[in-house]
Amino acid sequence: MEFNEKLQQLRTGKNLTQEQLAEQLYVSRTAISKWESGKGYPNMESLKCISKFFSVTIDELLSGEELITLAETENRSNLKKIYNYIYGILDMMAVAFIFLPLYGNSVGGYVYAVNLLSFTATTPFNLAVYWSAFAALIIIGIGKIISTHLDKEKWGGIATKCSLTITALAVCFFAAAREPYITVLVFLLLIGKIFVWIKQMGMK
C-alpha cells in the first residue's frame, strides 16, 4: 500500500475530514488533499507529526523507495531555499551601490569618485532613475527573503523576474550614462543572479 492510501485509511479510520486532519497537523487542507491523491509527500516535520498523531512509525507510513523519494525531495527543497536566500541577499547588496564611491563628480577640471549621496554631476532625471533602481532592488530582495521564509513560491518567482528585468535595464542605463564603475558592478550582479537562477531552474 502506498503512502497516500495509508494516510487516507488512517484518516478515515479516525472519522476525520481532510479539514479536521489539516487542523491537527497545522497544515492546509490542500496539503492533505495533495498527499492523499499521491501528488506529493509531506516534509520530514509533517511526517513526524503524522506519525505521532496516528501512533505509527515512519517506516510503517513509507516504503523504502518512498523514503528515498522523500529525502531527494527534501534535499531539492532545501537547496532551492538556499538559492532563494542567496538571490535575495544579492538584491539587497544594491544598498552598497548607494554608499560606495562609484560615481564621477567633476570639480574644477578634476574628477572625484563619490557615493550616490554626494553625486551631482548628472541630471535630476538620471539621479531619480538611479535611486529608483536601487530602492526597487532592495525592496525586492527583502520581499524575496520573506517569501522564501513563508514558502510563497509564486511570490518568489515574481520577485525573481522583476529583479532580473530591473538589473538588466540598470546595466543598460548606467552604460548609456557613461558611469563605468557602477556599470561593471551591476553587470557582475546580473551575472550572479543569472547563475543562481539557472541553478534554481535545475532543481525543478
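Yeah, the Cβs are placed from backbone N, Cα and C, and that goes for glycine too.
Residues annotated as DNA-binding region in Swiss-Prot: 18-37. Distant neighbours of the DNA-binding region (18-37): 3-4, 7-8, 11, 46, 49-50, 53; these residues of the same chain sit at least 6 beyond its ends, with a Cβ under 8 Å from one of its Cβ atoms.
If you look up Swiss-Prot, you'll see 7-61 marked as domain 'HTH cro/C1-type', on the strength of sequence analysis.
Look at Swiss-Prot and you will find 1-81 (among others) tagged as topological domain 'Cytoplasmic'. Per-residue pLDDT, averaged along the topological domain 'Cytoplasmic' (1-81), amounts to 89 for this model.
Distant neighbours of the topological domain 'Extracellular' (103-126): 97, 134, 177, 179, 181-182; these residues of the same chain sit at least 6 beyond its ends, with a Cβ under 8 Å from one of its Cβ atoms. The topological domain 'Extracellular' annotation in Swiss-Prot covers 103-126 (among others) and rests on a curator's inference.
Here the topological domain 'Cytoplasmic' (148-154) has long-range neighbours at 81, 84-85, 88, meaning same-chain residues at least 6 beyond its ends whose C-beta is under 8 angstroms from one of its own. Residues or ranges marked as topological domain 'Cytoplasmic' in Swiss-Prot: 148-154 (among others).
Among the features that Swiss-Prot reports, topological domain 'Extracellular' is placed at 176-181 (among others). Counting same-chain residues at least six beyond the ends of the topological domain 'Extracellular' (176-181), those with a Cβ under 8 angstroms from any Cβ of the stretch are 102-104, 113, 122, 126.
Per Swiss-Prot, transmembrane segment is recorded for 82-102 (among others).
Same-chain neighbours of the transmembrane segment (127-147): 84-85, 87-95, 97-98, 116, 119, 153, 155-156, 159-160, 162-163, 166-167, 169-170, 173, counting only residues six or more beyond its ends whose CB sits under 8 Å from a CB of the stretch. Swiss-Prot lists 127-147 (among others) with the feature transmembrane segment, giving sequence analysis as the kind of evidence.
For the transmembrane segment (155-175), same-chain residues at least 6 beyond its ends with a Cβ under 8 Å from one of its own Cβ atoms are 84, 87-88, 91, 129, 133, 136-137, 140-141, 143-144, 147-148, 182-183, 186-187, 189-190, 193-194, 197, 200. Here Swiss-Prot flags 155-175 (among others) as transmembrane segment, drawing on sequence analysis.
Under the heading transmembrane segment, Swiss-Prot lists 182-202 (among others), citing sequence analysis as support.
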